[in-house]
Amino acid sequence: MWILALSLFQSFANVFSEDLHSSLYFVNASLQEVVFASTTGTLVPCPAAGIPPVTLRWYLATGEEIYDVPGIRHVHPNGTLQIFPFPPSSFSTLIHDNTYYCTAENPSGKIRSQDVHIKAVLREPYTVRVEDQKTMRGNVAVFKCIIPSSVEAYITVVSWEKDTVSLVSGSRFLITSTGALYIKDVQNEDGLYNYRCITRHRYTGETRQSNSARLFVSDPANSAPSILDGFDHRKAMAGQRVELPCKALGHPEPDYRWLKDNMPLELSGRFQKTVTGLLIENIRPSDSGSYVCEVSNRYGTAKVIGRLYVKQPLKATISPRKVKSSVGSQVSLSCSVTGTEDQELSWYRNGEILNPGKNVRITGINHENLIMDHMVKSDGGAYQCFVRKDKLSAQDYVQVVLEDGTPKIISAFSEKVVSPAEPVSLMCNVKGTPLPTITWTLDDDPILKGGSHRISQMITSEGNVVSYLNISSSQVRDGGVYRCTANNSAGVVLYQARINVRGPASIRPMKNITAIAGRDTYIHCRVIGYPYYSIKWYKNSNLLPFNHRQVAFENNGTLKLSDVQKEVDEGEYTCNVLVQPQLSTSQSVHVTVKVPPFIQPFEFPRFSIGQRVFIPCVVVSGDLPITITWQKDGRPIPGSLGVTIDNIDFTSSLRISNLSLMHNGNYTCIARNEAAAVEHQSQLIVRVPPKFVVQPRDQDGIYGKAVILNCSAEGYPVPTIVWKFSKGAGVPQFQPIALNGRIQVLSNGSLLIKHVVEEDSGYYLCKVSNDVGADVSKSMYLTVKIPAMITSYPNTTLATQGQKKEMSCTAHGEKPIIVRWEKEDRIINPEMARYLVSTKEVGEEVISTLQILPTVREDSGFFSCHAINSYGEDRGIIQLTVQEPPDPPEIEIKDVKARTITLRWTMGFDGNSPITGYDIECKNKSDSWDSAQRTKDVSPQLNSATIIDIHPSSTYSIRMYAKNRIGKSEPSNELTITADEAAPDGPPQEVHLEPISSQSIRVTWKAPKKHLQNGIIRGYQIGYREYSTGGNFQFNIISVDTSGDSEVYTLDNLNKFTQYGLVVQACNRAGTGPSSQEIITTTLEDVPSYPPENVQAIATSPESISISWSTLSKEALNGILQGFRVIYWANLMDGELGEIKNITTTQPSLELDGLEKYTNYSIQVLAFTRAGDGVRSEQIFTRTKEDVPGPPAGVKAAAASASMVFVSWLPPLKLNGIIRKYTVFCSHPYPTVISEFEASPDSFSYRIPNLSRNRQYSVWVVAVTSAGRGNSSEIITVEPLAKAPARILTFSGTVTTPWMKDIVLPCKAVGDPSPAVKWMKDSNGTPSLVTIDGRRSIFSNGSFIIRTVKAEDSGYYSCIANNNWGSDEIILNLQVQVPPDQPRLTVSKTTSSSITLSWLPGDNGGSSIRGYILQYSEDNSEQWGSFPISPSERSYRLENLKCGTWYKFTLTAQNGVGPGRISEIIEAKTLGKEPQFSKEQELFASINTTRVRLNLIGWNDGGCPITSFTLEYRPFGTTVWTTAQRTSLSKSYILYDLQEATWYELQMRVCNSAGCAEKQANFATLNYDGSTIPPLIKSVVQNEEGLTTNEGLKMLVTISCILVGVLLLFVLLLVVRRRRREQRLKRLRDAKSLAEMLMSKNTRTSDTLSKQQQTLRMHIDIPRAQLLIEERDTMETIDDRSTVLLTDADFGEAAKQKSLTVTHTVHYQSVSQATGPLVDVSDARPGTNPTTRRNAKAGPTARNRYASQWTLNRPHPTISAHTLTTDWRLPTPRAAGSVDKESDSYSVSPSQDTDRARSSMVSTESASSTYEELARAYEHAKMEEQLRHAKFTITECFISDTSSEQLTAGTNEYTDSLTSSTPSESGICRFTASPPKPQDGGRVMNMAVPKAHRPGDLIHLPPYLRMDFLLNRGGPGTSRDLSLGQACLEPQKSRTLKRPTVLEPIPMEAASSASSTREGQSWQPGAVATLPQREGAELGQAAKMSSSQESLLDSRGHLKGNNPYAKSYTLV
């Protein structure tokens, strides 16, 4: 039974399972029509597909599945339908012109495609033609390609030809979308060509050419519009583009007006009027309607009326898109349709049409709604909505997925064994839709409610049904197989398991079983009780199984009988259960086998209507009784059909006495007995013989028109209609008609002849057959009526003017025929003068003749012969051309050359006769035409000719004649022309070459001989190439303008040290002359371009390295190799670099000896020639080999206890390799025993234990490398002591570390007891305990750690260890390495393309400089470049810079710690300036009537190469300039083709890299006789600005007066400046002696006054200025872009105070003495504040956190207020606790960035002090207490007397460096206070003097320079502040300082003299330096200083008014 249950469950699962991941879809849903050529065949893929793979089938539209027809039709396995090529005789409408569809089917369902109409196009001959057209000149012509209607649908016009030349749509010719050719703006010459169209068959690809048609062009004549092109109706789909043609002929040009549905159409947006008509873009359904094109002019109106049908594509959409439901539910689908209103809609399910039924409802007006109730599993699948309208169709589909509602067992009970009286509960949890019903059985017997079994049921929240079977007290009879069965409308499922109740085994009685023969049967043994031994089955005492069809399952007692057979399997079966070994029980069951009926198959034969039918149904086997019944089409047969059924025993027969069509259908015979019911079905088809529905009758057909011969029939199967034809009216001899595109059989059987021809007349037979009965046929006669046709007429004809002309035409057709003649659409009256018409009949034809007597020119035109009869009319157009002699041609000059003249002519009226030739006459201008040279019979096909062999520059006269067949024309117009120049015939002379560099050659030459120039030499071509014997290098060509008889040119960018060949050619306007003879020269030698390659180095010993390399190629040497240079240096262990050395050799290898052992060396190799060193190779690194190390640098030993000592040592000074270990030796002499101990290579101490007390030991240490043991250290004696004194094993020395790192200072001490350790630091010579804080601490082992070490941590540290028995001390010198200080960068030399920079390095920060990074940027650019520079360099030259351009530079030094701070930005300019034109040169070298030579030698390039030269000129009074542009400047330039006797404006613009210059001039060409013309001043010429020339003259006089005044003022300034220079020279001579005195003082110590240490200093860090006095204590940093802004109140009365804004704070504790700060602002450019010049953008900012900070002392508090730019560093008053506050304010001077300000810039090494001030600054520096340890160096130099502009570094374009100036005086130009060595503890103090640029800046001088001046001035004044305020600069970025509390000044006594004041002034500690209080004192009196003060302040007080900048001296 279990097997049965599982089998049932599996069968249900197979039936109702579904792959929800399967799908169906359409690949190409738009495929609805396939048209192909019969000669090619076609492949049609099925447009449907699916996943998993689908089964594809093709059907006809009738629903019949198609089959393969060999060689004609085949369906491929992939579903592709193939139609093979076929001849026309094999055409079958059923196959080749039919509607198909395909289906795709997989487990998801089945879908069918849209109907696909497949149509074959038969190949048939056809012709296309074009008709002649008429039009008027200037109007439009339209040609149409006429295609036969039978093939019109398949033919496309692809192109048009004009005399075999393809036309392209353009300005005059337009090919429309319909294939018409439009010719716009028709000209007479358009009528000279033939036009034809080219067509292509869309499916066969065949092309056809039409006949040639002519265009007859007439002169414009007033006429009403006549339509040339129009339309009647158009059909289009929405979204397409539609063109509605409408074009008319008329004069004047007609107007067009469009109407839609009788309303004017607005032509905008999508509606556009075009040349061809109306263009509608993106059409819409609303655009459908009637369109009218109205064409009108004043002579009439014409219309084109048509209709536009816009169809919207059909679209069907089913909703919802996804349907997922369950069995038994309702599903509703809706299909919405767009694109049509009257459509046919149908529904399909799985490809089959769906009709309304019991559970199916279709509702809606258009059947758009589908409702399905009580869905069953078979209702799932694909549903489609089909919409059909005419030939269009659309569909949509949706997949309806029905969830499997079949009941499923979720969980159930399991087999178990229970004891009697034990309760049992069985559960079945079932899921299904709808909810299933659960029943229980026990051994196949139903279990009813009540008794011992309790059944309950519930529904869970998940929708599951749970049924429980409970047994409260089980008994043995309750045992057995329990089954729960769940069923609903979707199916049934069961589950069973055995419940065993312990007790005696027995068998429950079993019921007899009925089995069906041929099927499987299961017999279950109903055993109860448990346990038992076995279950066995017997049949007739035979143990089963005994054959293959019997299976006994011993474990559950089930017997299976497969394929039951009545004879064998029927009988009694016994189940035997073995209860105990000797005890068994049994039960029997009887099995009865029933045999089901079997019907012998039968089929209906072929029957025809009216016949009798008898069909028997015989049941050949099966148990009786058997009942037999019949059905038709699945239903009982109604009695009305007259069908008789006879049943006898096991047979039944069906009889029909009179067969009719209503008997068609499927008949089923059904046989039933007790076993089963079976059926057999067969189809009865009643066949009907054919008969006519419509019989053919005699008809008339009109020639050229279509005719339908009616014939239709009916029958079953559908009859076939065949037409046959017999030509003529005789006895019919019928033959099959060959069907083609012209003759076709319609679907109803009628015959269509699309274009009737005369040969179609005759008998036609319509034959109908369908293989049922006899065929039927009927004949008819077709009579062809011929309309009137013109069969013969001349298209064109000619007549000679004044002679008689006849024209005839022949007409054919049904009589009578009327013929009339027309001229230009006007009927000719035979009675008209000069016209005579005659008509006669000749057989079937009518001939009409028109005579013209005589012909005149006006007769030229179009005549038409018009024939008319009852069936039609025809017309023949004849073009008559009246011929006469031609008009003369109009000639013009096409081209003039030196020896040829090319004519071009335009032919006038040709006399209506083709031109037969031309005659050309040519003569010298002075000769008569009788002597002219004649060229006759020039081809008429030509319109140009060339006259050859003329002389250059000669003048000729030329004329022409035209000839045709009638005669010769009059002579043409006469032309006079002068020949052009010819190319020179001679080469340039005296060509010389001179190499001037390694890449340049200077070329000089002279012009060719005069008689060979053939014109004016305008330039030359220089050809040069690398010269090689046997080589064939092409010449490189350079064009050069001429500058005179002697020329010079420099070739640049040549290859170095290379031989070149050079030629020169002269050029004039005509071309280039012959080349000069090739000259050879060689460029100069240069340094090698590349380094040696393959540089290799191998260490051969600890002190030597072997180096080898490859030599350079010849191309890389650039000269003759002189040798190689090897540069090498050691890379030391601490990162420092050793000495750089070099060795020279001539060989490609070298051995380096005497090197350091085990040292890494950097090696570079270069090659050098006679020109110098080449490029170095890349560095390679090689280390020398290891050697034994040196002895340890130091050894210490100390007793740690009575039996132990410690030994420590330092590593060897010379490691010579990698230390592998250290060996410690210990020995004592009595007895001599030496012990060895090994220590690791990173250990520097060792403990030796187990020694004897009070015994001396000797210890020493040896280092070991891989090369062996090194030398021994010194021997130390040590003695173990019980009372061991404190000893430190660490060595004294120097410890170096980078800053910002953690450093540990070791101090390892030993002793007994353990010593105490303390650390001291030396501060100013006084040791003090180190500070222990968060950054400093002492470890337990005595080591001292400093975290994040800083520069101030440097110094001497002492470690002291002591215990009871002694003490020890070491001193460690900690040196903290910091990034290097900024270098001082200067400009040492400038050229036009390079700048040489030099620098002085700053403090290296305790680590050697590793290199420099130079950054540079072009002015006004934000892009910076950089170069790495070797640390040994102190200068660098930047090459290839732009000439006359400003550049910015910064420099950064790098050491082992990292890069230092960036130097100040300096600026320098390469030499050169913009071009200038010399006033000494004349611009115009020569002027004649039409040419001017300009002298360009006057242009000075300013030192920079000219990059462009632009010249423009124009006649006065015109606005258009003639422009000439060059990239280089020649010596001269010639203006050609000028107007005679005309004034011209000329302007030139010449540019180089430094700038551009312009020059304007006026000139006048000469009269034809060489005389000059009147000047411009005599006429009033209106210029562009509207000023007359007289007004311009007034303006010129005004400007001249102003210039004269400025010039006089300039002369006055020069005189004043000269006097001041003389006074300055005198002061310099006076200062020389003072300099000598100061230099002698340099060797002795200056007496200084005792001063208290300054505690208050204010720091102001301003870029581009440096303070040369440093103080590192008590300082703060203020923004590096700041400016000090001092208000008047700051230096006013003490009671006045002001507030300010604070952003940076500096605190001061007390007031310091004002000894006067010294400020150097010399590196700032006067007038150009670097911080406010936004275009001077530098790289990283120059601020630094670790470098020394510059400081300023407080000045006197009572000085007046001023605002200063950042060009200054100012002393600022401060009080205790005062605060700096910063605010930003900007004020930009208009002249700050002018080039004048640039030219007066001073370099970063300049200062504006006088020589006296410099000397006094030096003397004052020696008095400073902080500089007492400094070493002073004084540099004596010469100071130039030139202006500050000439002393500016890098700004003078005429000097290369500062030293180029002429020296005039010597003296001190720099002194330096050098810092002492670090162990001396000194500070660096540099010194300089302030620079005051303006008279009012006297207040900024330090007290020792200004006290004598101020103290020697008396008298009150009120204008002091005002005067100083006027002398100040405009503020830039400023800082406002708060007014501090004014301290009471200490009075000072005036010195007796200025010198005593300056040299002897002393200051009291803690006092404030002040000036004497002078109420109302006027500072303006400062201008009245004495000569001594003037000497002190030199130019400061004298530059007021003229030059605001002071004299500057350069500090080197």
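Every residue, even glycine, has its Cβ placed from backbone N, Cα and C.
Swiss-Prot lists a disulfide bond between Cys428 and one candidate from Cys335, Cys484; that candidate is Cys484.
Between the listed residues Asn1324, Asn1341, Swiss-Prot assigns N-linked glycosylation site to Asn1341, with no corresponding entry for the rest in that record. Measuring Cα to Cα from Asn748 (N-linked glycosylation site), none of the glycosylation sites Asn28, Asn487, Asn658, Asn666, Asn1160, Asn1488 fall within 10 Å. For the domain 'Ig-like C2-type 10' (1285-1377), the number of residues in each DSSP class (helix H, G, I; strand E, B; coil) is 3 helix, 52 strand, 38 coil.
With respect to their backbone Cα atoms, Asn1160 (N-linked glycosylation site) and Asn1341 (N-linked glycosylation site) stand 37 Å from each other. With the fewest other C-beta atoms within 10 Å around its C-beta, Asn512 stands out among the glycosylation sites Asn470, Asn512, Asn710, Asn748. Under DSSP, Asn487 (N-linked glycosylation site) is assigned to a strand (E or B) in the three-state scheme.
For the domain 'Ig-like C2-type 10' (1285-1377), the mean pLDDT of the prediction comes to 92. Cβ-based neighbour count (10 Å, all protein chains) for Asn556 (N-linked glycosylation site) stands at 16.
Highest Cβ count within 10 Å among the glycosylation sites Asn658, Asn1160: Asn1160. Non-local contacts of Asn487 (N-linked glycosylation site) by the CB criterion (under 8 A, 6+ apart in sequence, same chain) comprise Pro407, Pro436, Thr437, Val493. With Asn28 (N-linked glycosylation site) as the anchor, the candidate glycosylation sites are Asn556, Asn710, Asn1341, and the one with the nearest CA is Asn710. Mapped onto DSSP helix, strand and coil, the domain 'Ig-like C2-type 3' (225-305) counts 3 helix, 49 strand, 29 coil.
Its own atom aside, the Cβ of Asn28 (N-linked glycosylation site) has 13 Cβ atoms within 10 angstroms in the protein chains shown. Of all the glycosylation sites in the record (Asn658, Asn666, Asn1341), the one with the smallest CA separation from Asn1488 (N-linked glycosylation site) is Asn1341. In this structure the alpha carbons, written CA, of Asn658 (N-linked glycosylation site) and Asn666 (N-linked glycosylation site) are 18 Å apart. For Asn512 (N-linked glycosylation site), the nearest of the glycosylation sites by C-alpha distance turns out to be Asn556; the candidates were Asn470, Asn556, Asn666, Asn710, Asn1341.
Across the range of the domain 'Fibronectin type-III 2' (987-1086), the DSSP-based residue counts are 3 helix, 57 strand, 40 coil. Under DSSP, the residues of the domain 'Ig-like C2-type 4' (313-401) split into helix, strand and coil as follows: 3 helix, 52 strand, 34 coil. Nearest Cα neighbour of Asn556 (N-linked glycosylation site) among the listed glycosylation sites (Asn470, Asn666, Asn710, Asn1341): Asn470.
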